[in-house]
Structure formats: structure tokens, C-alpha cells
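Chemist: Would you mind keeping the following structure in view while I ask a few things?
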Amino acid sequence: MHNPGDATAAVICGIGAALPSRVVSNAELCTRLDTTDEWIRSRTGISFRHVTGADSSTEDLAVQAAEQALAVAGATSVEAVVLATTTPDRCCPAAAPAVASRLGLTGVPAIDLAAGCTGFLYGLATAVGFISSRTANAVLIIGVDRLSTLPARDDRTTVPLFGDGAGAMVLRRGRLEDDGAIGPVVLGSDGTQAELIQAAHPGSLQMQGAEVFRHAVDRMTSACAQAVAAVGWCMNDIDRLVPHQANARITSFVARQLEVPDSRVLGNVDLVGNTGAASIPLLLAQSASDDRLQAGQRVLLTAFGAGLTWGAVTLTWPELAS
Ligand code: COA
């Protein structure tokens with residue numbers, strides 16, 4: 001017989017996403033960069049990305065995605081907000097309190113978290129902590145980035161890769177055996193490789209692409225193996241692999257090394273590019289709404305980003321309101 005005090009798991013009950021309306025095609029990039037549609041698609045799998053204009057901010061995108069996740073959860077409030085981003089609108093103060101207030105949540109704990117493109121998975125671990133420490137019974141996590149602001153405008157090696165977007169998830173207190181319960185969250189970092197992706201300010205991104213590629217494949221592959229072992233599954237149990245969407249070739253290498261067939265791998269990098277901390281919740285929200293992701297499926301999330309940072313986690317996708 002369980003008592004309510006046993007319920008320390010964090011369980012997904014809502015998901016949402018937001019993309020800026022402006023779409024930039026490879027053809028448009030070719031008008032201002034020395035590149036080709038064929039080069040970008042064959043090296044990255046990307047054809048389009050969404051980009052914010054002057055009319056929309058990181059906080060605006062975050063609010064839009066959060067409103068959708070709260071609506072799906074049937075919730076008007078949560079008791080904590082975690083916002084993962086590398087591209088806040090300002091250095092200080094953090095975006096999370098402002099976003100919380102715009103959602104009518106003034107007063108709840110609200111923090112920003114910077115872990116590059118792994119930010120959403122660090123956010124999941126933080127939400128699990130808020131719930132198990134009894135700080136909150138329900139937590140909103142937002143992954144939001146405007147990575148299109150980081151490259152120099154004329155840098156053909158980085159501009160094509162990045163887009164803007166937001167994804168959000170609501171987690172409630174529940175039990176580990178519930179569908180939607182977050183499994184053991186595997187996380188890591190390596191600051192000795194910090195210079196592989198760095199930007200002192202918007203417009204100054206420096207990236208050593210080939211090295212980043214190699215680390216991304218190695219780190220995501222091993223984090224996935226650890227996360228699956230930690231929950232007591234085997235790789236063949238995974239119905240859906242949901243990798244951070246940086247590059248379609250990185251995803252293929254990871255899936256091949258893990259021996260997960262292509263039919264079980266979700267992706268949207270062709271249409272949105274690399275949206276940073278938004279990548280995983282955005283892909284989950286889109287896949288849940290078009291039935292590529294269904295209740296009862298065993299899911300493995302994995303991410304890699306600047307820092308370097310990486311992570312992976314398992315869960316069983318829950319039934320959610322549409
Ligand atoms: N169009 C045409 N040519 C381009 C180009 C572009 N957009 N970008 C780079 N090139 C050129 C380079 O200048 C280089 O030319 P050179 O051989 O004359 O010097 C050539 O293509 C190969 O460059 P290289 O960087 O070795 O290519 P690559 O095969 O490694 O692909 C990336 C580059 C960026 C696509 C790839 O390294 C990558 O995806 N890395 C991971 C990046 C990433 O995902 N970062 C975020 C992690 S969260």
C-alpha cells in the first residue's frame with residue numbers, strides 16, 4: 001500500500017512549442033552567403049529554419065510555448081518555473097521570473113539555466129529535484145533559444161545551422177510506475193573543450209565543426225547507453241529515439257552506433273535547424289501532435305551542446321490531452 005509521501009517522481013502532463021513565423025530557406029541564405037542548398041542539405045540535413053524578427057524575443061517565444069503546455073496539462077498554475085536558454089534577451093535579471101509573471105505565476109520559484117543545447121535535460125533533472133525535495137508539486141520547464149543571433153551574419157560555416165524556437169513541458173508529482181515518469185537523468189560536462197563552441201556576445205560564434213561533430217556522437221551514444229542501463233531496459237526496448245536536432249548526420253551516426261533502426265528515430269532538423277535548448281521539447285510536441293509519438297511508447301531523449309555538456313533520459317510517453 002503506497003502512501004502519498006511515496007510519490008516523488010516527476011510525471012509529464014503537458015507539452016507545447018512555439019516557432020517564429022518567419023521561415024528562412026537555404027535558397028534565401030544562398031543570396032547572401034557563399035554556399036549552396038546542396039552543400040547545406042548534404043552536410044546537415046537542414047532545408048529551413050525559423051528566425052525571430054525585431055517583433056519577437058526569447059521571452060515571447062517562451063511564453064507562447066508555456067501557454068500551450070499549460071493548456072494541454074489543463075493547469076492554470078505550477079509551483080516552479082525552470083527556463084533553459086543560452087540566448088536570453090538580457091544578461092540580468094534572468095528570464096524565468098519575467099516569463100513566470102507573464103503567465104500569471106508571480107511568486108513561484110523561477111530560475112534560468114544555461115547548459116547549451118543540453119539545457120532542457122538539465123531542466124528535467126532540476127524539475128525532478130524540485131518535486132522530490134517538496135519545493136513544488138508541479139513544475140514548468142521551458143527550453144528556448146534564438147541561436148540565429150549567435151553567428152556572424154556572413155559566416156557560412158555556422159549561419160545555416162541555427163534557428164529559433166521554444167518548447168515547454170509541465171511535470172506533476174506522481175509515481176515512478178506512471179506513464180510519463182522521468183527516468184534516471186544522465187548528465188555530463190567537459191569544460192576542457194569549451195573553446196570548441198563559444199560566443200563572447202551575439203554575432204561572434206566560433207565553432208570547430210568537425211571536432212564538435214565527433215564529441216557529439218561519442219557523448220550522446222554513451223549517455224544513451226547509460227540511461228537505458230540505469231532504468232533496466234535494453235536498447236531494443238526503445239520505440240522512439242529523440243536526439244537533439246543539430247545535424248541529421250550526427251543523429252544517423254548515434255542511431256547506427258546504438259543499433260536503433262531509422263524507423264524509430266524522430267527528427268525535424270530539416271524544417272527547424274538547431275534550436276538549442278528548445279530542440280527536444282519542440283520535437284516531442286510536434287511528434288505527439290502528428291502521432292509519430294504515441295502513448296505507451298518507450299522513449300530515449302539525448303542531447304549535446306556547448307560547454308561541452310551532454311545527457312540522456314528515458315520515459316514512457318503518457319496519454320496527453322490534445
Ligand atoms: N557552404 C559551402 N562550403 C562550406 C560551408 C557552406 N555553408 N561551410 C563550410 N564550407 C566549406 C569549408 O570552408 C571547407 O572548405 P575547405 O575544405 O576549402 O577548407 C569545407 O566546406 C569542409 O568544411 P568542414 O568544416 O570540414 O565541413 P564538415 O563536413 O565538418 O561540415 C559542419 C561542417 C559544421 C556541417 C559539421 O562539422 C557539423 O555539423 N558539425 C557539428 C556542428 C554542430 O552541430 N554544432 C552544434 C552542436 S549542439
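Note: Cβ is positioned from N, Cα and C throughout, glycine not excepted.
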Chemist: Tell me which of 30-34, 160-164, 245-249, 275-279 corresponds to the region 'ACP-binding' entry in TrEMBL.
Modeler: 245-249
Chemist: What Cα-Cα separation, expressed in whole Å, is found between Asn274 (active site) and His244 (active site)?
Modeler: 8
Chemist: Do me a favour and check the Cα-Cα span between Cys117 (active site) and His244 (active site); whole Å is fine.
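Modeler: That comes out at 7 Å between the alpha carbons.
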Chemist: Helix, strand, coil residue numbers for the domain 'Beta-ketoacyl-[acyl-carrier-protein] synthase III C-terminal' (230-317) per DSSP?
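Modeler: Helix (H, G, I), strand (E, B), coil: 37 helix, 22 strand, 29 coil.
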Chemist: List the same-chain residues at least 6 positions away in sequence whose Cβ sits under 8 Å from the Cβ of His244 (active site), in sequence order, or say none.
Modeler: Cys117, Thr118, Met220, Asn274, Ser279, Ile280, Thr302, Ala303, Phe304, Gly305
